[in-house]
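Student: The following feature annotations were taken from TrEMBL:
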{"type": "DOMAIN", "residues": "23-288", "note": "domain 'NADH:quinone oxidoreductase/Mrp antiporter transmembrane'"}
{"type": "DOMAIN", "residues": "289-342", "note": "domain 'NADH dehydrogenase subunit 2 C-terminal'"}
{"type": "TRANSMEM", "residues": "26-45", "note": "transmembrane segment"}
{"type": "TRANSMEM", "residues": "57-80", "note": "transmembrane segment"}
{"type": "TRANSMEM", "residues": "92-115", "note": "transmembrane segment"}
{"type": "TRANSMEM", "residues": "122-146", "note": "transmembrane segment"}
{"type": "TRANSMEM", "residues": "152-170", "note": "transmembrane segment"}
{"type": "TRANSMEM", "residues": "201-221", "note": "transmembrane segment"}
{"type": "TRANSMEM", "residues": "233-253", "note": "transmembrane segment"}
{"type": "TRANSMEM", "residues": "273-293", "note": "transmembrane segment"}
{"type": "TRANSMEM", "residues": "323-346", "note": "transmembrane segment"}
């Protein structure tokens with residue numbers, strides 16, 4: 001793809017997210033969501049392969065269905081309250097419909113089945129955009145709609161945590177595993193949203209940083225399957241060390257960056273008396289820890305096949321370095337000491 005055209009599409013994705021996040025009118029928010037969706041479709045289908053075409057069509061149909069449901073909610077609210085302002089209070093049924101539509105756009109359970117299949121059919125850079133940047137605009141709208149304190153947010157958050165944990169256990173494709181990890185972490189953002197939006201934003205920020213690090217490592221090492229990770233230790237030990245520490249941070253183990261956001265979520269749930277939801281969240285975190293440790297085990301404690309007919313690249317391709325990876329790697333693993341400072345600033 002021509003770099004100039006690529007930059008136009010990436011700028012359009014950013015523009016759509018900014019319009020949706022900064023808008024106070026449902027019409028402008030809808031325009032931003034549509035710009036966001038239409039700009040990423042050419043990036044998804046640029047690889048001329050049946051799986052990429054299938055993933056593009058699935059993504060288009062799901063996003064269009066969610067948009068139609070959201071427009072029905074907005075029009076119904078206009079008939080009732082005579083306003084298109086996002087901050088205007090919604091009826092419980094309309095608020096639930098809006099949350100379901102936005103949850104479908106993000107891939108929240110039980111409307112999650114499209115996300116692993118779509119991410120499996122696209123390239124790693126496009127998968128990075130789907131797993132991180134494309135969730136910002138719907139999440140900003142949910143932040144404003146959740147003033148009604150709907151139980152739908154908690155229900156979808158719990159289902160997403162459990163689905164992300166169970167779905168990732170038997171995956172051998174790295175993109176599908178990261179898709180279920182995305183579903184699970186989005187559930188962590190949702191369950192605390194009714195009680196502390198600052199904590200939800202902190203969870204989202206740390207998740208985006210850690211997932212970006214993982215995708216960059218996979219892109220630089222050309223890793224798409226779990227069995228390819230075992231041979232990467234000989235090619236680049238530094239990359240694999242970053243991969244292992246980031247996976248452990250993503251699972252929420254101390255003293256890494258991912259520990260404190262989950263601890264703050266559990267602390268907030270306990271403070272609000274939601275002990276059962278906190279127990280379910282911890283259970284989902286333990287299940288997801290298993291498939292993170294599984295990758296670490298395959299990476300560090302297994303030896304790749306070394307026979308004459310093994311087609312294993314011995315070195316990483318030249319010219320694949322990036323300045324973003326060191327920054328995100330440091331933030332993914334060593335940001336725990338300054339996280340209380342950030343929490344004090346934003347809270």
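Every residue, even glycine, has its Cβ placed from backbone N, Cα and C.
What you are looking at is a predicted structure, and each value in this text was computed from that prediction instead of being measured.
Could you place these features in context, so I can see how deep they sit and what lies close by?
Tutor: For the transmembrane segment (26-45), the residues of the chain that approach it from at least six positions outside its boundaries are 1, 6, 9-10, 12-13, 15-20, 52-53, 55-56, 59-60, 63, 67, 70-71, 74, 84-86, 105, 118, 121-122, 125-126, 129-130, 134, 137-138, 141, judged by C-beta separation under 8 angstroms.
Listed by sequence, the residues of this chain that lie at least six past the ends of the transmembrane segment (57-80) yet keep a Cβ under 8 A from its Cβ atoms are 26, 30, 33-34, 37, 40-41, 44, 88, 90-91, 94, 97-98, 100-102, 104-105, 114, 117-118, 121, 130.
Within the same chain, residues 33, 58-59, 62-63, 65-67, 69-70, 72-74, 76-77, 80, 130, 134-135, 138-139, 141-142, 145-146, 148, 150, 152-153, 156-157, 159-160, 162-164, 179, 182-183, 186-187, 190 sit at least 6 positions outside the transmembrane segment (92-115) and bring their C-beta atoms closer than 8 Å to a C-beta of that stretch.
Residues 13-14, 16-17, 20-21, 29, 32-33, 36, 40, 43-44, 47, 52, 55, 59, 86-87, 90, 95, 98-99, 102-103, 105-106, 115, 153, 175, 178-179, 182, 186, 189-190, 193-194, 197, 200, 204, 207-208, 211-212, 215-216, 218-219, 224 of the same chain lie 6+ residues outside the transmembrane segment (122-146) yet bring a C-beta within less than 8 angstroms of a C-beta in it.
Here the transmembrane segment (152-170) has long-range neighbours at 95-96, 99-100, 103, 108-110, 112, 116, 142, 146, 176-177, 180-194, 274, 277, 280-281, 283-288, 290-291, meaning same-chain residues at least 6 beyond its ends whose C-beta is under 8 angstroms from one of its own.
Using a Cβ-Cβ cut-off under 8 Å and counting only residues 6 or more beyond its ends in the same chain, the transmembrane segment (273-293) has close neighbours at 154, 157-158, 161-162, 164-166, 168-169, 171, 177, 181, 184, 187-188, 191, 195, 247-248, 250-253, 262, 265-266.
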